[in-house]
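Report on one structure; see the data block that follows.
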Amino acid sequence: MIDWPNVTASSQQELGLKPEELQKSKCVLGFIPVIYYSILLCVGVPVNILTAVALSRLASRTKKALYYYLLAVTASDILSQLFIIFVGFLLETAVFHRDVPILLLHSVSAAEFAANHASIWSTVPLTVDRYVALCHPLLHRQISYPARARKIIGVVLGLSLVSGVPFFWWSDMWRNSNPPTALDTVLIWTHVTIIYFLPCSIFLLLNSLIIHKLRVRQRQQPCQEEGGSKIASPRLLGKTTAMLLAITSVFSVLWAPRTVVVIYHLYVSSVHRDWRVHLAYDLSNMLAMLNTAVNFFLYCFVSKPFRGAVRDVLLLRGGPLYPQRALPHPLAPTNASISSLYSGNNKRSQRDFTPLTPHRARKPS
């Protein structure tokens, strides 16, 4: 993520420093970050917009909370790309060289952190939803529906917006020659806790429980009947779980280097003075931003309904996702299904809703 300067009275403070202390580390990558972020923006934003359109179609057709959570993750990724990459790096840094009002710099910094927090924490309700669906399916049928999902997403986005406000005072690691202050220490530890340590702990705990439950269920085949409707097979649930594990694992891998470099900057060597730390910080930011553009390919690899929705969008087709089928009984609850990427294809659930017909038509008299 792009960090913004703490420029309060910097020129007066730097006058009292020695020349060697004012020596700034060089950016050895040159224009490579500009080219990289430009390509990432030109590819990532259209791909995420395509993902959002496809997921919105799936959400409106299937009425599953899962797609609303995925849609929230995609929308947050778009905000991160616009605020962090486009406004923060390309415009303010590469084009204007930060020659903009200080208030604007700090305001954009707060917006960047808010978008970043939303992008990461939107994955947490998705993980909780998958855990409840696999480990407590009956409870999931009662509490997982679109209206509740939209409320949860609204709360997450609101908290993310509020959590970005303290980072209005975030110090620029590239340009601030002074040692980290007490405020810098608090903000850095708050930052790495919010964006990495806390969400990764949640992902690790819930994913471990999900994997354990799947292994137990695989040993208990055939699937048990719950309330007259069949629980989806472990193989199908495993594919959905594989997508969740891929999303959380990619996030953990891509954001780990930046977390390490930020802590290293705080206690060992400054980004401003050591070109090696400067290089590591640039590369770690580039890796972290890659996380905003990879989910589309994970969805395509795992989900056949998503691939079909993307195909319809690209071909400008607005037809139904699946062939026309009998409508559910009016009294059937709309949320009485496992919110899986594949449970929409459960033929038995469709037969349960189809009225019975006589085996033999009566001959006319």
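Numbers here mean position along the shown chain, with the first residue as 1.
Each residue, glycine too, has its Cβ placed from N, Cα and C.
Curation plays no part in TrEMBL annotations; they are all automatic predictions.
As recorded in TrEMBL:
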- 47-299: domain 'G-protein coupled receptors family 1 profile' (DOMAIN)
- 342-365: region 'Disordered' (REGION)
- 34-55: transmembrane segment (TRANSMEM)
- 67-91: transmembrane segment (TRANSMEM)
- 149-169: transmembrane segment (TRANSMEM)
- 189-211: transmembrane segment (TRANSMEM)
- 242-267: transmembrane segment (TRANSMEM)
- 279-302: transmembrane segment (TRANSMEM)
**Asked** What average pLDDT is reported by the model for the domain 'G-protein coupled receptors family 1 profile' (47-299)?
**Response** 87
**Fill in**
Beyond a gap of at least 6 residues from its ends, the CB atoms lying under 8 Å from the transmembrane segment (189-211) belong to 113, 116-117, 120-121, 123-124, 127-128, 130-131, 134-135, 163, 166-167, 170, 241, 244-245, 248, 251-252, 255-256, 259, 262-263
**Complete:** Same-chain residues at least 6 beyond the ends of the transmembrane segment (34-55) with a Cβ under 8 Å from one of its Cβ atoms are 67, 70-71, 74-75, 77-78, 81-82, 85-86, 89-90, 94, 286, 289-290, 292-293, 295-296, 299, 306, 309-310, 312-314
